Amino acid sequence: MAVAPVVYGASERPPRGDYSRAMDDYTCPQNWGSYTEADHDTYRRLYERQSALLPGLACDAFIEALPSLGVKDRIPRFEEINERLKPATGWEIVAVPGLIPERPFFDLLANRRFPVTDWIRKPDEFEYIVEPDVFHDLFGHVPLLFNPVFADYVQRYGAGGLKAHDLGAGELLSRLYWYTIEFGLIQQTDGLRAYGAGILSSSGELRHSVNSPDPLRIALDLVRCMRTKYKIDDYQATYFVIESFQQLFDFTAPDFTPLYEAVRASGEIAAGTTIASDSRITVG
Ligand code: HBI
Ligand code: FE
(Lines of atoms letter the chains of each structure in order from A and count residues from 1; the text may use other names and numbers.)
(Lines give C-alpha, C1' and ligand atoms only; values in the text may rest on other atoms or scores of the structure.)
(Ligands and ions follow the chains in the order given, each with its own letter.)
Protein backbone atom coordinates (compact mmCIF):
# COMPACT_ATOMS: atom_id res chain seq x y z
CA MET A 1 0.00 0.00 0.00
CA ALA A 2 0.79 3.69 -0.15
CA VAL A 3 3.48 3.66 -2.80
CA ALA A 4 3.86 6.59 -5.13
CA PRO A 5 3.30 6.26 -8.86
CA VAL A 6 6.16 7.24 -11.15
CA VAL A 7 6.12 9.19 -14.34
CA TYR A 8 9.08 9.16 -16.71
CA GLY A 9 10.14 11.88 -19.09
CA ALA A 10 8.32 15.15 -19.41
CA SER A 11 4.89 13.57 -19.44
CA GLU A 12 1.98 15.52 -18.01
CA ARG A 13 -0.27 12.49 -18.01
CA PRO A 14 -0.87 10.69 -14.75
CA PRO A 15 0.28 7.06 -14.97
CA ARG A 16 -2.50 4.68 -15.93
CA GLY A 17 -1.99 1.99 -13.29
CA ASP A 18 -3.67 1.91 -9.90
CA TYR A 19 -0.77 2.12 -7.45
CA SER A 20 -3.05 1.78 -4.41
CA ARG A 21 -3.04 -1.96 -5.19
CA ALA A 22 0.74 -2.21 -4.82
CA MET A 23 2.64 -3.50 -1.83
CA ASP A 24 5.79 -1.87 -0.48
CA ASP A 25 7.95 -3.61 -3.10
CA TYR A 26 5.55 -2.31 -5.79
CA THR A 27 4.26 -5.75 -6.70
CA CYS A 28 0.53 -6.47 -6.78
CA PRO A 29 -1.79 -9.36 -7.64
CA GLN A 30 -2.31 -9.83 -11.38
CA ASN A 31 -6.10 -9.60 -11.06
CA TRP A 32 -6.54 -11.90 -14.02
CA GLY A 33 -10.31 -12.07 -13.56
CA SER A 34 -10.71 -8.38 -14.27
CA TYR A 35 -9.57 -8.63 -17.91
CA THR A 36 -12.47 -8.27 -20.34
CA GLU A 37 -12.99 -10.26 -23.54
CA ALA A 38 -11.87 -7.13 -25.41
CA ASP A 39 -8.61 -7.12 -23.39
CA HIS A 40 -7.91 -10.75 -24.28
CA ASP A 41 -8.73 -9.99 -27.89
CA THR A 42 -6.25 -7.09 -27.96
CA TYR A 43 -3.52 -9.39 -26.63
CA ARG A 44 -4.40 -12.12 -29.15
CA ARG A 45 -4.27 -9.69 -32.07
CA LEU A 46 -0.99 -8.11 -30.90
CA TYR A 47 0.59 -11.55 -30.44
CA GLU A 48 -0.55 -12.75 -33.84
CA ARG A 49 0.65 -9.66 -35.70
CA GLN A 50 3.97 -9.44 -33.90
CA SER A 51 4.92 -13.13 -34.02
CA ALA A 52 4.39 -13.15 -37.80
CA LEU A 53 7.01 -10.39 -38.19
CA LEU A 54 9.80 -12.16 -36.30
CA PRO A 55 11.50 -14.38 -38.93
CA GLY A 56 14.65 -12.69 -40.20
CA LEU A 57 14.31 -9.81 -37.72
CA ALA A 58 14.26 -11.31 -34.20
CA CYS A 59 17.22 -13.26 -32.84
CA ASP A 60 17.06 -17.07 -32.82
CA ALA A 61 17.06 -17.31 -29.01
CA PHE A 62 13.90 -15.18 -28.86
CA ILE A 63 12.08 -17.11 -31.58
CA GLU A 64 12.99 -20.40 -29.89
CA ALA A 65 11.79 -19.23 -26.47
CA LEU A 66 8.57 -17.49 -27.49
CA PRO A 67 6.38 -20.64 -27.23
CA SER A 68 7.39 -20.86 -23.56
CA LEU A 69 4.92 -18.03 -22.89
CA GLY A 70 2.16 -20.60 -23.42
CA VAL A 71 -1.27 -19.40 -24.52
CA LYS A 72 -1.42 -16.97 -27.45
CA ASP A 73 -5.12 -16.31 -27.65
CA ARG A 74 -5.61 -14.63 -24.27
CA ILE A 75 -3.54 -12.82 -21.64
CA PRO A 76 -1.64 -15.57 -19.80
CA ARG A 77 -1.89 -16.05 -16.06
CA PHE A 78 1.52 -15.13 -14.64
CA GLU A 79 1.50 -18.26 -12.42
CA GLU A 80 1.25 -20.46 -15.52
CA ILE A 81 4.37 -18.86 -16.97
CA ASN A 82 6.21 -19.16 -13.66
CA GLU A 83 5.59 -22.92 -13.61
CA ARG A 84 7.90 -23.12 -16.64
CA LEU A 85 10.17 -20.13 -16.02
CA LYS A 86 11.27 -20.98 -12.47
CA PRO A 87 12.60 -24.43 -13.34
CA ALA A 88 14.23 -23.08 -16.54
CA THR A 89 16.33 -20.21 -15.14
CA GLY A 90 15.23 -19.51 -11.55
CA TRP A 91 13.41 -16.34 -12.64
CA GLU A 92 9.79 -15.51 -11.88
CA ILE A 93 7.53 -12.74 -13.10
CA VAL A 94 5.60 -10.54 -10.69
CA ALA A 95 2.75 -8.15 -11.45
CA VAL A 96 3.21 -4.37 -11.00
CA PRO A 97 0.79 -1.48 -11.69
CA GLY A 98 3.17 0.10 -14.24
CA LEU A 99 6.53 1.83 -14.16
CA ILE A 100 8.09 1.72 -10.73
CA PRO A 101 10.95 3.76 -9.25
CA GLU A 102 14.53 2.82 -9.99
CA ARG A 103 15.52 1.40 -6.58
CA PRO A 104 12.68 -1.15 -6.24
CA PHE A 105 13.02 -1.96 -9.96
CA PHE A 106 16.72 -2.84 -9.57
CA ASP A 107 15.93 -4.72 -6.35
CA LEU A 108 13.40 -6.99 -8.09
CA LEU A 109 15.83 -7.75 -10.94
CA ALA A 110 18.68 -8.47 -8.52
CA ASN A 111 16.40 -11.08 -6.95
CA ARG A 112 15.44 -12.67 -10.29
CA ARG A 113 11.91 -11.26 -10.16
CA PHE A 114 10.86 -9.49 -13.35
CA PRO A 115 8.13 -6.84 -12.96
CA VAL A 116 5.35 -7.19 -15.54
CA THR A 117 2.71 -4.48 -15.88
CA ASP A 118 -0.67 -6.18 -15.61
CA TRP A 119 -3.00 -3.90 -17.61
CA ILE A 120 -3.35 -3.89 -21.39
CA ARG A 121 -3.63 -1.01 -23.88
CA LYS A 122 -6.98 0.02 -25.36
CA PRO A 123 -7.74 -0.87 -28.99
CA ASP A 124 -7.03 2.71 -30.15
CA GLU A 125 -3.46 2.34 -28.80
CA PHE A 126 -2.82 -0.82 -30.81
CA GLU A 127 0.15 0.61 -32.71
CA TYR A 128 1.76 2.78 -30.09
CA ILE A 129 1.62 3.13 -26.34
CA VAL A 130 3.47 5.60 -24.16
CA GLU A 131 3.84 3.41 -21.06
CA PRO A 132 4.77 -0.28 -21.10
CA ASP A 133 1.72 -2.59 -20.82
CA VAL A 134 1.35 -6.33 -20.30
CA PHE A 135 1.94 -7.05 -24.00
CA HIS A 136 5.25 -5.18 -24.09
CA ASP A 137 6.41 -6.67 -20.80
CA LEU A 138 5.39 -10.28 -21.50
CA PHE A 139 5.99 -10.63 -25.21
CA GLY A 140 9.02 -8.34 -25.29
CA HIS A 141 10.88 -9.28 -22.12
CA VAL A 142 9.87 -12.68 -20.82
CA PRO A 143 10.94 -15.06 -23.63
CA LEU A 144 14.64 -14.23 -23.20
CA LEU A 145 14.38 -14.79 -19.44
CA PHE A 146 14.18 -18.46 -20.48
CA ASN A 147 17.71 -18.12 -21.93
CA PRO A 148 20.20 -18.93 -19.13
CA VAL A 149 22.93 -16.49 -20.16
CA PHE A 150 20.59 -13.59 -20.86
CA ALA A 151 18.71 -14.32 -17.61
CA ASP A 152 22.00 -14.08 -15.69
CA TYR A 153 22.80 -10.80 -17.42
CA VAL A 154 19.50 -9.25 -16.30
CA GLN A 155 20.12 -10.33 -12.71
CA ARG A 156 23.65 -8.95 -12.79
CA TYR A 157 22.25 -5.74 -14.24
CA GLY A 158 19.86 -5.43 -11.28
CA ALA A 159 22.62 -6.01 -8.74
CA GLY A 160 24.76 -3.41 -10.52
CA GLY A 161 21.76 -1.09 -10.48
CA LEU A 162 21.57 -1.17 -6.69
CA LYS A 163 25.25 -0.17 -6.52
CA ALA A 164 24.78 2.49 -9.20
CA HIS A 165 21.82 3.91 -7.33
CA ASP A 166 23.95 4.36 -4.19
CA LEU A 167 26.67 6.00 -6.30
CA GLY A 168 24.19 8.40 -7.90
CA ALA A 169 24.81 6.72 -11.26
CA GLY A 170 21.39 5.11 -11.76
CA GLU A 171 20.58 7.32 -14.71
CA LEU A 172 23.83 6.40 -16.49
CA LEU A 173 23.28 2.69 -15.91
CA SER A 174 19.70 2.95 -17.11
CA ARG A 175 21.09 3.85 -20.54
CA LEU A 176 22.69 0.41 -20.65
CA TYR A 177 19.26 -1.12 -19.90
CA TRP A 178 17.75 0.98 -22.64
CA TYR A 179 20.34 0.13 -25.30
CA THR A 180 20.56 -3.59 -24.46
CA ILE A 181 17.47 -5.05 -22.77
CA GLU A 182 15.07 -2.62 -24.52
CA PHE A 183 16.70 -1.78 -27.87
CA GLY A 184 19.62 -4.18 -28.32
CA LEU A 185 20.70 -5.70 -31.63
CA ILE A 186 22.81 -8.86 -32.00
CA GLN A 187 25.06 -9.94 -34.85
CA GLN A 188 24.13 -13.52 -35.78
CA THR A 189 26.15 -15.46 -38.38
CA ASP A 190 23.21 -15.01 -40.76
CA GLY A 191 22.82 -11.29 -40.12
CA LEU A 192 21.76 -8.58 -37.73
CA ARG A 193 18.79 -9.38 -35.46
CA ALA A 194 16.88 -7.70 -32.62
CA TYR A 195 16.87 -8.94 -29.02
CA GLY A 196 15.60 -5.80 -27.22
CA ALA A 197 12.04 -5.89 -25.90
CA GLY A 198 11.17 -2.40 -27.09
CA ILE A 199 11.98 -3.49 -30.63
CA LEU A 200 10.46 -6.97 -30.44
CA SER A 201 7.10 -5.64 -29.21
CA SER A 202 6.90 -2.91 -31.89
CA SER A 203 5.95 -3.64 -35.49
CA GLY A 204 7.54 -0.52 -36.98
CA GLU A 205 10.79 -0.51 -35.03
CA LEU A 206 11.46 -4.19 -35.70
CA ARG A 207 11.92 -3.45 -39.38
CA HIS A 208 13.51 -0.04 -38.85
CA SER A 209 16.16 -1.22 -36.37
CA VAL A 210 17.31 -4.21 -38.42
CA ASN A 211 16.89 -3.03 -42.01
CA SER A 212 16.76 0.75 -42.30
CA PRO A 213 19.94 2.48 -43.51
CA ASP A 214 19.09 5.54 -41.35
CA PRO A 215 20.08 4.72 -37.75
CA LEU A 216 23.60 4.54 -36.43
CA ARG A 217 24.63 1.02 -35.37
CA ILE A 218 27.69 0.68 -33.17
CA ALA A 219 29.46 -2.31 -31.61
CA LEU A 220 28.60 -2.16 -27.89
CA ASP A 221 31.10 -0.27 -25.77
CA LEU A 222 29.93 0.38 -22.21
CA VAL A 223 31.27 3.91 -21.82
CA ARG A 224 30.07 4.93 -25.28
CA CYS A 225 26.64 3.47 -24.48
CA MET A 226 26.27 5.19 -21.11
CA ARG A 227 27.27 8.52 -22.67
CA THR A 228 24.47 8.28 -25.21
CA LYS A 229 21.12 9.97 -24.70
CA TYR A 230 18.04 8.18 -26.00
CA LYS A 231 14.67 8.82 -27.56
CA ILE A 232 11.55 7.90 -25.65
CA ASP A 233 9.02 9.06 -28.24
CA ASP A 234 10.54 7.98 -31.57
CA TYR A 235 12.51 5.13 -33.12
CA GLN A 236 16.07 5.06 -31.78
CA ALA A 237 18.68 6.95 -33.79
CA THR A 238 21.50 4.85 -32.31
CA TYR A 239 21.56 1.09 -31.68
CA PHE A 240 24.32 -0.87 -29.97
CA VAL A 241 25.21 -4.28 -31.38
CA ILE A 242 26.48 -7.27 -29.40
CA GLU A 243 28.14 -10.46 -30.65
CA SER A 244 26.50 -12.82 -28.15
CA PHE A 245 24.72 -12.83 -24.80
CA GLN A 246 27.91 -14.26 -23.32
CA GLN A 247 29.77 -11.14 -24.48
CA LEU A 248 27.13 -8.96 -22.80
CA PHE A 249 27.42 -10.97 -19.59
CA ASP A 250 31.25 -10.81 -19.65
CA PHE A 251 31.24 -7.05 -20.32
CA THR A 252 29.30 -6.50 -17.11
CA ALA A 253 31.51 -8.61 -14.82
CA PRO A 254 33.87 -5.80 -13.68
CA ASP A 255 32.95 -3.10 -11.17
CA PHE A 256 31.42 -0.11 -12.99
CA THR A 257 32.70 2.62 -10.65
CA PRO A 258 35.59 3.70 -12.93
CA LEU A 259 33.28 3.55 -15.95
CA TYR A 260 30.88 6.04 -14.39
CA GLU A 261 33.83 8.36 -13.83
CA ALA A 262 34.88 7.97 -17.46
CA VAL A 263 31.33 8.68 -18.62
CA ARG A 264 31.11 11.81 -16.52
CA ALA A 265 34.55 13.00 -17.65
CA SER A 266 33.80 12.55 -21.36
CA GLY A 267 30.25 13.96 -21.52
CA GLU A 268 26.97 13.12 -23.22
CA ILE A 269 26.48 12.25 -26.88
CA ALA A 270 23.22 12.97 -28.67
CA ALA A 271 21.30 10.04 -30.16
CA GLY A 272 22.28 9.56 -33.79
CA THR A 273 25.66 11.28 -33.48
CA THR A 274 28.82 9.34 -34.30
CA ILE A 275 32.29 9.82 -32.77
CA ALA A 276 35.71 8.86 -34.12
CA SER A 277 36.15 5.79 -31.92
CA ASP A 278 32.82 4.20 -32.98
CA SER A 279 33.02 0.79 -34.54
CA ARG A 280 30.14 1.17 -36.99
CA ILE A 281 28.09 -1.66 -38.41
CA THR A 282 26.39 -1.15 -41.75
CA VAL A 283 23.42 -2.99 -43.25
CA GLY A 284 22.09 -3.59 -46.74
N1 HBI B 1 9.47 -0.12 -14.02
N2 HBI B 1 7.75 -1.59 -14.44
C3 HBI B 1 8.92 -1.02 -14.81
N4 HBI B 1 9.49 -1.38 -15.99
C5 HBI B 1 10.67 -0.83 -16.39
O6 HBI B 1 11.20 -1.18 -17.44
C7 HBI B 1 11.29 0.13 -15.56
C8 HBI B 1 10.65 0.46 -14.36
N9 HBI B 1 11.22 1.35 -13.56
C10 HBI B 1 12.50 1.91 -13.81
C11 HBI B 1 13.04 1.59 -15.12
N12 HBI B 1 12.47 0.74 -15.91
C13 HBI B 1 14.29 2.30 -15.57
O14 HBI B 1 14.91 2.98 -14.54
C15 HBI B 1 15.27 1.34 -16.23
O16 HBI B 1 15.69 2.03 -17.38
C17 HBI B 1 16.44 0.97 -15.44
FE1 FE C 1 10.49 -2.77 -21.34
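Don't overthink the numbers, they just go from 1 along the chain as shown.
Placement of Cβ uses the backbone N, Cα and C atoms for every residue, glycine included.
According to TrEMBL, the residue from GLU83, GLU92, GLU182 that belongs to the Fe cation site alongside HIS136, HIS141 is GLU182. Under a cutoff of 8 A between CB atoms, and with a sequence separation of 6+ in the same chain, the neighbours of GLU182 (Fe cation binding site) are GLY196, ALA197, GLY198, ILE199. Each of PRO132, ASP137, GLY140, ILE181, GLY196, ALA197, GLY198, LEU200, SER201 belongs to the same chain as HIS136, HIS141, GLU182, is absent from that list, and has a C-beta within 8 angstroms of the C-beta centroid marking the Fe cation site. Taken together, the residues in the domain 'Biopterin-dependent aromatic amino acid hydroxylase family profile' (1-284) have a mean pLDDT of 94 on the 0 to 100 scale.
Close to HIS141 (Fe cation binding site) in the fold, though at least 6 residues off in sequence, lie PHE114, VAL116, ILE181, ALA197, each with a CB less than 8 Å from its CB.
Reduced to three states, the DSSP call for HIS136 (Fe cation binding site) is helix.
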